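Engineer: Structure in structure tokens, see below.
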Amino acid sequence: MSDALINGLAGAGGGIIAQLITYPLQTVNTRQQTERDEKKVKRKHGTLEQMCQVVKNEGWGRLYSGLAPSIVGTACSQGVYYYFYQIFRDRAEAIARENKRNGIGDGSVGMLSSLVVAALSGCTNVLLTNPIWVVVTRMQTHTKNSKKSQPSHSSIAPDEKALDSLECPPYGTGHVIQELYDEAGIWGFWKGVLPTLIMVSNPSMQFMLYETMLKKLKRKRALVKQGDTGVTALEVFLLGALAKLGATVVTYPLLVVKSRLQAKQSTTGDKRHHYEGTLDAILKMIRYEGLHGFYKGMSTKIVQSVLAAAVLFMIKEELVRGARMLLTKGGTRTGRTRPA
């Protein structure tokens, strides 16, 4: 089994577990990002309060709305990303070794090369899996007003009526797919792909920071423990958390724009909340909501992203290590039992 396949499967497994643990936070965060508030109007409820409101008005199940396609998307995204990342990484390492033989560099992959490798992997992943995430965003932002707490129509603004619909029929994956196709045809499944492609810089930064910190830690460990470069699961957890924190802070505004484009929009009424494309969304958000609009729900996203990334890295490394041990033992046994 190749390293690329091992890393791809391990990344998919780690991604699914991290998704299951942090999904309620992700649902609340997507709703926060798609809220339309005027300038200087602050959100009344915090993350925990908003989660309680969802449970009270819509039930526990709404916190996990879109979980099934999200798990499929996570498995596909992580598997595709790590598979191609390992392929591009192996190529970059081969080029670095060749350069060393020619007297250029020290044979290791530098920061720029790591950034390019992560960016190429990320672009491949986005183009292949964007339709899944459009469906997930639609399901997460679809609201269901409870009969007990349903507000009177006079207290709801016209644009909010269009955005918040009562859930009469079940709003499942098939319903969302049909709705998207009816709205924009096949290209509707690639809504928000431009800011998502630009957001490739997030995992690129994340992996660049992670691998740089990991390399420095292994180098220090080798000096202290005479060649031992092993790192613990806790250390991988902390490095993954720090790397994701730095990347999230920088790229968060693009994530908000992407969520706005992928969520269901009002086609009638107030045009302030209807976006024709990425640039139109950015300009309208600046005009009507100010810079504050680009950072809605950021604290929730930081908690969710850092926790998910830390769990992902820890589980992935353990799965890769376990798979290699099993393969090594299997190879040793085969060698011992092979007839002379």
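One-based numbering along the chain as shown.
Cβ from N, Cα, C; glycine included.
TrEMBL does not curate its annotations; it predicts them automatically.
TrEMBL feature annotations, pasted as is:
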REPEAT    2-91  repeat 'Solcar'
TRANSMEM  67-88  transmembrane segment
REPEAT    109-216  repeat 'Solcar'
TRANSMEM  109-128  transmembrane segment
TRANSMEM  189-210  transmembrane segment
REPEAT    231-322  repeat 'Solcar'
TRANSMEM  231-255  transmembrane segment
Engineer: So which residues does the transmembrane segment (109-128) touch in its own chain, when a touch means Cβ under 8 Å and the partner is 6 or more beyond its ends?
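Structural biologist: Long-range Cβ neighbours of the transmembrane segment (109-128): 76-77, 80-82, 84-85, 88-89, 92-93, 95-96, 193, 196-197, 200-201, 203-208, 211-212.
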Engineer: With Cβ-Cβ distances below 8 Å as the criterion, list the same-chain residues six or more beyond the ends of the transmembrane segment (67-88) that contact it, or say none.
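Structural biologist: 2-5, 7-12, 14-16, 18-20, 23, 26, 116-118, 120-122, 124-125, 128-129, 132-133, 135-136, 139, 173, 203, 207, 312, 316.
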Engineer: For the transmembrane segment (189-210), give me same-chain residues lying six or more residues beyond its boundaries with a C-beta closer than 8 angstroms to one of its C-beta atoms, as numbers and ranges.
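Structural biologist: Residues packing against the transmembrane segment (189-210) from afar: 81, 85, 111, 114-115, 117-119, 121-123, 126-127, 130-131, 133-135, 137, 180-181, 239-240, 242-244, 246-248, 250-251, 254-255, 257-259, 261-262, 277-278, 309, 313.
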Engineer: With DSSP as the reference, give the number of residues of the repeat 'Solcar' (231-322) in helix, strand and coil.
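Structural biologist: Within the repeat 'Solcar' (231-322) the tally stands at 74 helix, 0 strand, 18 coil.
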Engineer: What is the pLDDT of the repeat 'Solcar' (2-91) when averaged and given as a whole number?
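Structural biologist: Within the repeat 'Solcar' (2-91), the model's average pLDDT equals 81.
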